[in-house]
Amino acid sequence: MWKKGKHTWKPNPQHMGGCRWFTKDSLVSFSKAFSSKPSVLEKSLKRAERMKEACGAKCVLFLLFVQTWLVENTGHTSPGKPVLLRCRSPEKETFACWWQPGSDGGLSTNYSLYYTMEGSREDAVHECPDYKTAGLNSCYFNKTYTSLWITYTISVVAQNALGSKSSDPMFVDVAYIVQPHKPENISAELRTQDQKPYLMVKWDPPHKADTKSGWITLQYEIRLKPEKGAEWESHYAGQQKQFNVFSLHPGEVYLVQVRCKPDHGFWSEWSSTTYTEIPDYFRPRDTSVWILIAVLSVCIFLILAWTVAIKCNSIKSYLLPPVPGPKIIGFDTQLLKSGKSEDLLNALGCQGFPPTSDCEDLLVEFLEVDDSDEQKLVMNEGEDDLEGRVKSSGNKVDNDSGRGSCDSHTLLLEVSNSSRKTYAQVGGNSNNKGSVKLSRKSSTNGKLLSFEATGEKTNTWPTANSSFLLARQSSCDNISKIHREASSLGNKADMHGNTSSAQSKSKECRELHSTVSGDQKTWFADEKHAPLLPFKSVEYVEVEKLNQQSMLILKPKTEGHKSVPPEFIGQEYTKVSGVVSDRVLLLLRDTGAQGSSDTQEGKNQAVPPSLQCQVGKMVGTFPASPALDGMQLAASGYVDTAALLQSF
Amino acid sequence: MGFDHFLFPVSVLFLVLVCLDLEYRVTSAPICAHGDAGCHLLSVSDLFDRVIQHSNRMHSLSSDLYSEFEKERFLPVRNQLGRATCKCHTSRILTPNGKENAQRTDREELTQVILRLLVSWMNPLLQFHQSVAHNEELSNFSSNKALELSDMVHELKNGVEKVAEKMQLLGIISNSLNGVFPAEASLSSSASNEASHMRDYELLHCFRRDSDKVQNYLKILKCKIVPEHGC
């Protein structure tokens, strides 16, 4: 129907599947067909054409000149070219198009929209049915004018007094330009699941979109952010109409928005904002934190308790220092239980029997009685030794050393069944038989006669084989000699022993009292105990202690006598002839002489370990109380084996 | 390297689990073991869902191909401005072009329209695939998609036929459809001859539109028959 140039506008029936393309020329003619009100220019152009046909080129030029003059004088031009912006369908049933006008050229310009539909006749140009509904510069197609799956060709023509301009055409298939409205009725509800809060967001599709009949299927997207947050957090929700949001911060206000999109189409705008406040909840975190703290503290407590239990003793000793209990220096109860007297004695610091004094204030000179050539009065380096021993033993002394044991008179010397006799050898030295070496020791406080007993007998203390040292002098001369020596030691010799028996012994000892000159008090024979004593001249020496060198420190049983003649410097040996009644040590006068000496009755008693202590005590208190038991004993001149016993 | 180190114990564990006959075996169980009416309807709805999903996939595939062709095959003639208005070989088939029209159409006719459309595209797409395969200019992506497209049409047609049978079985639609198909077949063959003259781009343009129609019609049909399931 249109024949313009080379292009044919008529559809070719043989070319059913073919497509027609728009070209510039065809569009000009196309738009021309739409303009209903030809402009002044067009009119003039038409006139020019007619005139051209009529009068030729000159006329045309003249007319053009007039035309231009008109335009320049008035300042108006034909309108600018409008631009079609977009066409949108909200529900796939209607659609609307919007355009942007160009310059209006100073004159009032009106715009008109024209469209053709595919499949209809090509000359069926239609104008927009509704310019108002969709707003300014829009065209709205309602349901009757909308057909799906058909390509619309739309263009806008701007027209003013001087001319018209049409826009580029737009090809629209309504099925592909769907942009729905925003979703509606958005609600955000706070819920908890397993003590975890989450936000359940619900919405409705736009009321115009018909999803019920399946005509449109919409997909949704939700976004939210804290009120003071900067960025939105988006979630794709698919085709469902609710969504659960989990990652929430408590105590904040959240903004929620939803939008939708059809299968193939455009996203809607974001819906109106919904505000939700998340209340402060700390329970879940709180609970777990508290559980953790409880578990940790239980573990720490257990560890501490275990540590305390392990280190209980050391802690106790640190906090509460132990009160020292009674303890004998060097006395090992284990050894005592084991029954090894030798070890015990050694542990005590005694080398053999009798034990030496531990007392620190005791410096005793050994009085060694030796009636052979070999015998000599040896100033015992044991003095130093004793001191050293005292010192050393003193070092061993702790406050709780068993001083109490010194007081017990249980120094017991057991008589061996074999009645082996230890001999205090005066002047003789028979070591094998347990010679007793009387040695003098100087003491600051008192004088002691110490017997040094060697031999096995002394070492077997306190077993049955322990033996008495009975210092008995068959003759007073010997004894007195001893006594002389003994008295030379110092002031006196302390005698101690059992209270009752000691006193009796003291009397017996008087027998042994020798004629030693001076105010010695060594041994005295006691007339009273004559029946016990076969010899009247028996003198007794009380053994005070056994020093480290297995030397008996004897104490003469003198009464009242306190001094030992100082001329006793030598060393005399007295042989012990025998032990009688477990308490009396029989000393021989000379080496070979047999004799018996008085014995003293005694009882077997346990030997307290520190005779020396007692001696020390006795010595110490000597000036104060002259009438001690020991003193009385000393006066009698007996060797008080009880004292001997007590030394242990 | 670390991933390989990790992979072996995982695979061993997986094998153990599988062999231990834990709940890892996938077995098939019929949705409806017994023949109640509710169960039948459920199966129809399920069938519809599958078919709709399939048509959705088909449409998106055709859209992808079309946009690709539009870029590559833009006709290099000067002064070419816009799109072409094409005549598709299926334009003869009367299809409802609006919601009201579609809802007004009864189920049988709607089903018929769908089937017609699908049938008429089977041959053209096959030819299209062949022409694309021979064309070295196109990418592998395009040729693969074209092949997939022709397969999809076949599957979709079979699926819709099954749905129609089910519906006929249940008495949802009448049995007046049976006579349609052979006639359609003859129609489609003539149409396909015409379609062979079309160029690829135009063919895709038409097919994209028709697949959209099919998808829409299926959704409407489903919500008409089983509205309670996700409409």
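From the backbone N, Cα and C atoms, a Cβ is placed for every residue, glycine too.
Automatic prediction, not curation, is the source of TrEMBL annotations.
Small disclaimer: the values here were computed from a predicted structure and weren't measured.
What TrEMBL lists as domain 'Fibronectin type-III' is A:81-180 (among others). If you average pLDDT over the domain 'Fibronectin type-III' (A:81-180) in this model, you get 89.
Sequence annotations record features per position, and here TrEMBL assigns domain 'Fibronectin type-III' to A:182-281 (among others).
The feature region 'Disordered' is assigned by TrEMBL to A:380-405.
Residues 315 of the same chain lie 6+ residues outside the transmembrane segment (A:289-309) yet bring a C-beta within less than 8 angstroms of a C-beta in it. Look at TrEMBL and you will find A:289-309 tagged as transmembrane segment.
Each residue in the domain 'Fibronectin type-III' (A:182-281) gets a DSSP state, and the totals come to 0 helix, 52 strand, 48 coil.
DSSP states for the domain 'Fibronectin type-III' (A:81-180), grouped as helix (H, G, I), strand (E, B) and coil, give 6 helix, 44 strand, 50 coil.
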